[in-house]
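As annotated by Swiss-Prot, N-linked glycosylation site applies to Asn108, Asn126, Asn176. According to Swiss-Prot, the topological domain 'Cytoplasmic' annotation covers 1-8, on the basis of sequence analysis. Here Swiss-Prot flags 30-453 as topological domain 'Lumenal'. Annotation source Swiss-Prot lists transmembrane segment at 9-29.
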Amino acid sequence: MLKRKVRYLLLIVVVFTGIILSVEAIMRFQLNKNVDYYLKFFDKHKDNIENMYDPLNIKQIPYSTIDQLYTKRQSEAEPIDWDKFAYVNYITDFEYLCNTLIQFRKLNDSGSKAKLLALVTDTLVNKSKENKEVEALLNKIKSVSDRVAVTEVGSVIQPNDHTPWSKSLTKLAIFNLTDYERIIYMDNDAIIHDKMDELFFLPSYVKFAAPISYWFVTADDLRTVSTDTKKLFKTNKLDPIEKKLASRVKNSLEIYNHLPNLPQHFYSKSMNFIIDIDGFQKSDNKVNFATHLMVIKPDVTMANDIRDNILPRYLKAKEEYDTDLINEELYNFKELIYYQFKIFRKIQYLFKPSVLILPYTKYGLLTKSIDDKRQKDLLKNAILGYERKEKDDLIQDAKFIHFSDYPLSKPWFYSNADDIQCSKKYSISDENCQLWKSLYKEYLESRAICQVN
């Protein structure tokens, strides 16, 4: 009798398990069909779709489109309230005060009308009361323009961390700057060649935009995504896409669905993560968002979540910094697409995308790329998977160039550009070498404004 009951219970368990697995299989099949349908739908019907956005891709926006959106906004009758927009630096150490002064002076001289906000840690502010040099540099920053504001913030320091990035989580204070409609955050170990006011006028639904970490892309990756793009869309030419986007901007039509996709190759081999996001690692993307320049719509809810939930976890973690937090917790490509599609399936016409990828040659160029033959092809175009007839002119076209030449030190540790030598192993040419060195020379010459008596 007992054996019969056991067999009966086992049979029930087997049948129940079979039903669950069958239901899951049907749901997976149906979800895969939905994914395939909408991938084709948005590609085929994008010219006729209004107020519905592709949830299955992360979009790249060309510089020409960014500039046209800004020109369009300037032509409108309603005046721009520049008090709602700010360029932002954060400063944790004395060595970085001069960099902020240089950047703010350049933005002011190039005609930017936005606010210039320096977030200075409380420890550095307190030091200014004793150190006349710190006080003098803070005063110089304030004197750049009446649009400059210096705000004190609390230091966020990784315990038992002695790396140069131990204070990098202080950067997360930028997400709480809710007095502003949109901010452009900039690491200040970078050189600015022109104002970037156009970035304030990305589509209103975009909460976060940044270049990507293009330096992880290999020559093989470039060939693969170029081929994949041709297969999917019959062409990988960017020029007709830019022309189409220009027409839509001019006619006040939605542009999102016409923007180039970030090739799927960079974040997943398949779209299966849409079915089960927990079964996929967040950190196995080939590229992520770079965080040395970010365009952000500050948000109270996100700021509170960072402060109350995310930051406490990261302060306990070892060697986890601002870039990790932003790409793993806030704007992970797989999770973005997973939740975008989840929302879209429930409320199609209410879904709006929240991120864009900025062209890295314009807003995210690293100095080391300028004279590194391994990255030469990467700098021909800033939209991955696509090609343009006219190539970007490296330094002349770049607005923001980040000093990153490990194992070389940051430029303020040198007194003369002649002390810095190009790589013998990876240098592209003498011309590129001189271009690269010219940035160090430009920076070192600009430090003259930081001298205090």
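Counting starts with 1 at the first residue shown.
Quick reminder: no glycine exception, Cβ is built from N, Cα and C everywhere.
A quick note: this is a predicted structure, and the numbers were derived from the prediction, not measured.
Sequence features annotated in Swiss-Prot and their locations in the structure.
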residue : record                      : Cβ contacts under 8 Å, 6 or more apart
Asn108  : N-linked glycosylation site : Leu116, Val144, Ser145, Arg147
Asn126  : N-linked glycosylation site : none
Asn176  : N-linked glycosylation site : Pro298, Val300, Ala303, Ile306, Arg307
Segment-level pLDDT (mean, integer) for the topological domain 'Lumenal' (30-453): 88
